[in-house]
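Student: I am attaching a structure below and will ask some questions about it afterwards.
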Amino acid sequence: MNAPHRLLRTAVVRAIETSAAAALPPQELMRRAAQAAARRVMARWPAQRVAILCGPGNNGGDGAMLAACLHRLGRAVEVWRLAGGREPADAAQAWRECPPQLLRTGDPDTGALPADRSLLIVDALFGIGLARPLPPQAAQWADWANAHPGDVLALDVPSGLDADTGAAQPHAIVAAETLTFIADKPGLHTLAGPDHAGMVHVDDLGLGHTDAIGFDAPGLVTSGLGALTGPRDHPALFAPRRQDTHKGSFGTVGILAGAPGMTGAALLAGRAALRGGAGKVLVGLAEREPALPCDPLQPELMLRSADSLLDHGEQLGVTAWIAGCGLGDSPHAEAWLTHLLRTMPAVPLVLDADALTLIARSAGLASQLAARGGARVLTPHPREASRLLGADTAAVQADRIAAACEIARRFRAWAVLKGAGSVVASPEGGWTINGSGNPGLATAGTGDVLAGLLGALLAQGLDAASAVRGGVWLHGAAADALAARGVGPIGMTAAEVIDAARALRNGGGIPKPYRGKQK
Ligand SMILES: NC(=O)C1=CN([C@@H]2O[C@H](COP(=O)(O)OP(=O)(O)OC[C@H]3O[C@@H](n4cnc5c(N)ncnc54)[C@H](OP(=O)(O)O)[C@@H]3O)[C@@H](O)[C@H]2O)[C@@H](O)CC1
Ligand SMILES: Nc1ncnc2c1ncn2[C@@H]1O[C@H](COP(=O)(O)OP(=O)(O)O)[C@@H](O)[C@H]1O
Ligand SMILES: [K+]
């Protein structure tokens, strides 16, 4: 297995920074940050004129030192320095080293600079230290940078983006690229992070792999240390199948879903489970007498009534359950879910959509869930998460990592908090952010497809961590593969995601992460 792509919350970055700085000559980390930025500018923007916008703290210090480096390399570079602020020692030294003739007074947005791709703007206004709204002058400069037709390179974090949560202030910088220092940060990959950070590059400032750095803060480690999941983290998805196998080798998925009017949700989950590789898929429709005898477009699915499936799940050999997609929240739905939670307690279970609403409003169901022995997976979108936590949706989105970890802790289950940069939290307290996916998934039915894929992977015997993290990655990567060939993001459909996921598992090329805004 590859080393994980670490994501560190600011408190952990600060702890590493402090211990590393104590062991190094003064200014050394900032010097390394500026040199890394200069290397990136030389490689990616070899001919552009460079305008560097600097803030009052050490992020501005990085910018001042970058200006000095680029000047030494013969590049045309100009620097604007935000008025006011308390100047840390490293930044003060950086300004002493910045040749004064590079410094411009006034504002950069006067029309004197070229308004085209021949100008690179570097955002060194604020990094991980911004704890207040952008001051008015910084907001004005950021508006100008965001309207610029050429690229913006953000140092460490796009100014105005919260490095921990991905929450963006009004006027926050929208960068083509972010060069982030010491380690990658979760806020660059969830919520508004991907829209503001663009492509993220990491420079560890020579501190080595962050796993190897000792930092004396165990409390920070559980909450502050996570990982970004990418294609190399999920080898179990791509394991070749043995020849000597049969349909019983790949598990049976049982699905409790699809109240009248919502049959499609059940069928999408069923098709995703089948094409996600399950040997057999049984769909128990949430109707007394299902109106649909079979799915004419997927006749391999075995349709039953919910009662029949729940009564015979054990005989039918179900190896993973999915419940909730279009299930409804009627008393019948609650009774079926109660029945299911008592059924085959060692079998893995994925709860989505209405099943989450039912769990949220019944302490009895929640404790039945926690009492089960097999893997338990909850896949809320932010609204469903808010019900599970008894908080409002804004509070969930204000710290998606904290929300996902709290759901996992409270319900003793895996939690997938969906949306751009889905957060996956384990019942043991670990968290990851999924690095695949794009707005093509913002369409009805893709959540049903995710539930189907997760159920299929669990039924096939993947361990819970591989099934949940791998399934979430696969779902997003399928959408990325579709977008890369023009099937979306606009107009992508949930059913298309299923076939793209199947192609990836069978050796289809791994798509690059989707990045929407490229000038
Ligand atoms: N230290 C190191 O070893 C290394 C650090 N590195 C770099 O340093 C960055 C972190 O630097 P930082 O801590 O100085 O914070 P930064 O992001 O520059 O912003 C805070 C500054 O802005 C000020 N300020 C905040 N809000 C404000 C407002 N609304 N309006 C006005 N002012 C406001 C705030 O003032 P204060 O709130 O403290 O009064 C403070 O002065 C990090 O992201 C990386 O780029 C790298 O060189 C690697 C080595
Ligand atoms: N902008 C986006 N970027 C990445 N993934 C997204 C985006 N919008 C939606 N998704 C993903 O699509 C799925 C939507 O699930 P959900 O909201 O439950 O849809 P539905 O209930 O219609 O099936 C989730 O996996 C979510 O993470
Ligand atoms: K910045």
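Glycine residues also receive a Cβ, built from the backbone N, Cα and C atoms like all the rest.
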Student: Kindly point out which candidate in G390, G440, G445, G447 is recorded by TrEMBL as part of the AMP site with K418, G419, A420, G421, S422.
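Tutor: Between G390, G440, G445, G447, TrEMBL records just one in the AMP site with K418, G419, A420, G421, S422, namely G447.
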Student: Which has the fewest other CB atoms in a 10 Å radius around its CB: D123, D156, the listed binding-site residues?
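Tutor: Among the binding-site residues D123, D156, the sparsest Cβ neighbourhood within 10 Å belongs to D156.
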Student: Could you state the whole-number distance in Å separating the C-alpha atoms of G419 (AMP binding site) and D123 (K(+) binding site)?
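Tutor: Their Cα atoms are separated by 27 Å.
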Student: Distance check, please: Cα of S422 (AMP binding site) against Cα of N58 ((6S)-NADPHX binding site), rounded to an integer number of angstrom.
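Tutor: Checking the Cα atoms of S422 (AMP binding site) and N58 ((6S)-NADPHX binding site) gives a distance of 31 Å.
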Student: On a count of neighbouring CB atoms within 10 A, which of the binding-site residues H381, K418 is highest?
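Tutor: Compared across H381, K418, the most Cβ atoms within 10 Å surround K418.
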Student: Which one is it, among the binding-site residues N58, D156, H381, K418, G447, that lies nearest to D123 (K(+) binding site) by Cα separation?
Tutor: D156
Student: Including all protein chains shown, what's the count of other C-beta atoms within 10 A of the C-beta of G421 (AMP binding site)?
Tutor: 25
Student: Return the residues near A420 (AMP binding site) by Cβ distance under 8 Å, restricted to its own chain and a separation of at least 6 in sequence.
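Tutor: Within the chain, A420 (AMP binding site) has Cβ neighbours under 8 Å at T190, L191, A192, G193, P194, D195, G437, P439.
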Student: What's the number of neighbouring CB atoms sitting within 10 A of the CB on G61 ((6S)-NADPHX binding site)?
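Tutor: There are 29 such Cβ atoms around G61 ((6S)-NADPHX binding site).
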